[in-house]
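Student: Relevant sequence annotations retrieved from Swiss-Prot are reproduced here:
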- 198-210: compositional bias 'Polar residues' (COMPBIAS)
- SER63: phosphoserine (MOD_RES)
- SER113: phosphoserine (MOD_RES)
- SER145: phosphoserine (MOD_RES)
- SER147: phosphoserine (MOD_RES)
- THR226: phosphothreonine (MOD_RES)
- 171-235: region 'Disordered' (REGION)
- 262-269: region 'G1' (REGION)
- 318-322: region 'G2' (REGION)
- 339-342: region 'G3' (REGION)
- 401-404: region 'G4' (REGION)
Amino acid sequence: MARHRNVRGYNYDEDFEDDDLYGQSVEDDYCISPSTAAQFIYSRRDNPEEEYGYEDLKESSNSLLNHQLSEIDQARLYSCLDHMREVLGDAVPDDILTEAILKHKFDVQKALSVVLEQDGVQTLKEKSERAVCAGQPSKVISRSSQSESEIVPKVAKMTVSGKKQTMGFEVPGLPSEENGHNVRAPYKGPPGDDVSIASPNVPETGTPKSTAHPPSLQTSEELGCTPTPLRKSGKLRQQIDVKAGLEKRQGGKQLLNLVVIGHVDAGKSTLMGHMLYLLGNVNKRTMHKYEQESKKAGKASFAYAWVLDETGEERERGVTMDVGMTKFETTTKVVTLMDAPGHKDFIPNMITGAAQADVAVLVVDASRGEFEAGFETGGQTREHGLLVRSLGVTQLAVAVNKMDQVNWQQERFQEITGKLGHFLKQAGFKESDVAFIPTSGLSGENLTSRSQSSDLTKWYKGLCLLEQIDSFKPPQRSIDKPFRLCVSDVFKDQGSGFCVTGKIEAGYVQTGDRLLAMPPNETCTAKGITLHDEPVDWAAAGDHVSLTLVGMDIIKINVGCIFCGPKEPIKACTRFRARILIFNIEVPITKGFPVLLHYQTVSEPAVIKRLISVLNKSTGEVTKKKPKLLTKGQNALVELQTQRPVALELYKDFKELGRFMLRYGGSTVAAGVVTEIKE
């Protein structure tokens, strides 16, 4: 109750006797001390000389604005600056960009190359740090002039000795807000002062040369700061030796692109996953994790397949759906491995992988009934063999898998090789380019080393699978041809720009190169190149790379686009003529027949507009003009039309980019090569 009495007996009148001064600070009633004023209040009277110098600098700069560039040249300069800003961002100061543009007479490509060849951001940081260090002895410019400092050249160095001053400026190429002109001329100091220009390669337009200074006036060494010299680029981008660089980069090993194909459930992913594990590309900890997870999912035998089947849906269904890509090395080769899907629903993805391959491994199941199911009509073994041969693969290794389930029987192996060998010969493979190897993907027999099993060694004395891959001959790379890259994936990465992945079919690319995307007909710049998850400065034909691009909207790029050089672009068309080979089809092909065109990584609906002629298979001579229909096994010249433009190359110019496949109703009906581009 004592608290209640205190509240009831409280005298509130004492609280209302004070004046209401809560609207102002208590410190307003007291004078500021002289020491505080000297520390925090700026006095203009302390810097009369600097105020005079700045005003003269401003007047001199304004007086030179109207004597540098014409309005047309200013507009060209602003356009070039905007274009280079899109590529470089804010890392490079405008004065360096302006200097490069004017030095190369408004040629954006040359100016951009010069800026990128220099050490770039690191050198610029060093310059800015040294500029700040050199500016420390000078006094602070008044705050009232900071709002107008955008039109004043940046002070690179200032050394004072006696009454004379030695100043240097890096002239920025920023537009003036007052009259729309460009500050480009060297600064001419106040009357009576000796001025030296620190910016190199500045064109002189009606400005007298600076006078030389005696050594006694230079005191920059006393301040501990020296002017940053311009650094020369190591070697020109045009002088790169790609062939020598390839040998040096790969340690003398040759590049080989390998695709693994075969019927569904033949054991492709398990076979190659176990090989990668035996080669040391997959560590034991990761492999143990896959084994435990596969056991929990009730798929213990799929542990090695999970090395390549990374997505949850692929692991859940136990079927490869997309092309898995990885890298491993043999004694003489650097191999890019592509694990293609075997299910018939994912044949388009398999074509994408096969179109990027140099050689192939065909995996067949040796189990009773399984080989027959994949090899007979409707199986994917036949179709995959035809597809890879039609797409330019000439060397093939046939891995007869799951031989342990038939106790390594020589009779079963010979039965399979007899049937497959006859078919592959009809498909166009040479007997010398086809090798048959008995393997077991689950147990790892005869993969990386020759088998020690007595059941196998008593009748097989040949190579293991890894030795056969190492014996493949890599194709001749089209490094000297114009640059071509087929986009297989597009994604947004961290930072500016976006990324595209694909195989370089011809030529080479370097960071900073201008690229043209077809058929969107949009240009961009290669900001970065990644090869096997490692950043590189360049990449050449045969490499599977990821390019970081800037200067283009990601919406305009799709899977199937082709990047090329702006000077030697690829043609985009909707109508073209081609020579096609008809496969086993149930319905004859007639005029107006709808097909699905598979070309590299693109899949586009098309229509056969004209049947021009039937050709002889061996000689190519015309045997019949204007046929009404085409049946299986015929070789014909036709004209196709696509719904949207497709970037194509003639087969005679680019064999890698001149092949395509035609599918209808879930099956491959024809393979062809481009002979003429109409429009």
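Using N, Cα and C of the backbone, Cβ positions are placed for all residues, glycine too.
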Student: Using DSSP, how many residues in the region 'G1' (262-269) fall into helix, strand and coil?
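Tutor: When I sort the residues of the region 'G1' (262-269) into the three classes, I find 2 helix, 1 strand, 5 coil.
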Student: Same chain only, please: residues at least 6 beyond the ends of the region 'G4' (401-404) with a C-beta under 8 Å from a C-beta of the stretch. Say none if there are none.
Tutor: 266-267, 271, 363-367, 370, 412-413, 438-443, 445, 456
Student: Can you work out the mean pLDDT of the predicted model over the region 'G1' (262-269)?
Tutor: 86
Student: Which numbers of helix, strand and coil residues does DSSP report for the region 'G3' (339-342)?
Tutor: 0 helix, 1 strand, 3 coil
